[in-house]
Amino acid sequence: MERNVTLDFVRGVAILGILLLNISAFGLPKAAYLNPAWYGAITPRDAWTWAFLDLIGQVKFLTLFALLFGAGLQMLLPRGRRWIQSRLTLLVLLGFIHGLLFWDGDILLAYGLVGLICWRLVRDAPSVKSLFNTGVMLYLVGLGVLLLLGLISDSQTSRAWTPDASAILYEKYWKLHGGVEAISNRADGVGNSLLALGAQYGWQLAGMMLIGAALMRSGWLKGQFSLRHYRRTGFVLVAIGVTINLPAIALQWQLDWAYRWCAFLLQMPRELSAPFQAIGYASLFYGFWPQLSRFKLVLAIACVGRMALTNYLLQTLICTTLFYHLGLFMHFDRLELLAFVIPVWLANILFSVIWLRYFRQGPVEWLWRQLTLRAAGPAISKTSR
């Protein structure tokens, strides 16, 4: 099958974009990921950095990646049930190992588990319309659960939202020293992530996967629509997303990031805007692809997308080495941490370009495929039930 270079580029953008938000999760305590006032006070530049990243990136790149993951499920259907289930089960295992032994911000476990459910929904959907509508419904269910959690939550702040000094020191201790203590805390994090996945986030993740599968089945993610359609759709969707999200960002600032409002209720506009912006970003890339494809950097980012799993794990390897093993954790604020993003991006891009000069797949992708072959046997041409 001939590769869709535009799709690879969009996937590469998603992987690189995720690091814009993850860098604060590597370099700061967990509470800082959503709460810029996690330590009780906040500088103007920290607030503006948070606001900018929240507007353009928070949730958007993860949503874009979920969309493409769903598109991948649609593309895998001809390989058959055993192949798909083996592939996703191996991803679950890899995500569990990654989350337990390396980093507490893993997304692979969640994607693998939800994918094991969603691929059947994709297979059994009778039409593009039903697949898309089911995805929208599941996503809205997730938003409804988030609203319910906000309504029943206590107005008093949580230690997870604004940790005290002892909690921050303890997190710094186990992240820098590693060992059994770190594994124990990461195991707790995996458990909490699974609870959140089952209760709320899994609905949204499943919804975006089904929407991505619908867009692939319709030909939209294959680039089969006009450039004018992609451009108009992209500008409109991004504008809608920004319009939804911007007032919520301003309101969180006005409320001084109060727990009940900002941890739950005002997350909803961000979550609602994310699909609009994510699909809008993808649409603009497709719409301007004739111009974008002239640049060598764009084709290099497409190489990152071809090795998405390898590059996601490479980001973990580089950032955990810098912030945990070399002791840079909590040495930089949110804006300063962005200075680390570009060197990591360059590492992703250079490694991908050089590797793909000699090999067809990334190293982790190759291993994943070989293990899938051993577990499932050769892929078959018709999806078995």
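Placement of Cβ uses the backbone N, Cα and C atoms for every residue, glycine included.
The annotation transmembrane segment is assigned in Swiss-Prot to 12-32, 50-70, 90-110, 132-152, 195-215, 233-253, 272-292, 312-332, 335-355.
Between the transmembrane segment (233-253) and the stretches 90-110, 132-152, 195-215, 272-292, 335-355, Cβ pairs under 8 Å are most numerous for 272-292.
A Cβ distance under 8 Å defines the sequence-distant neighbours of the transmembrane segment (335-355), meaning residues of its chain 6+ beyond its ends; these are 15-16, 19-20, 23-24, 26-28, 45-46, 49, 297, 300-301, 303-304, 306-307, 310-311, 314-315, 318-319, 322, 362-363.
Here the transmembrane segment (50-70) does not lie next to the transmembrane segment (312-332) in space: the count of CB pairs under 8 Å, restricted to residues six or more apart, is fewer than 3.
In this chain, the transmembrane segment (195-215) lies in contact with the transmembrane segment (132-152); the count of Cβ pairs under 8 Å, excluding pairs fewer than 6 apart in sequence, is at least 3. Remote same-chain partners of the transmembrane segment (272-292), defined as residues 6 or more beyond its termini with a Cβ less than 8 Å from a stretch Cβ, comprise 6, 9-10, 13, 56, 59-64, 67, 139, 143, 208, 211, 215, 221, 223, 225, 227-242, 244-245, 298.
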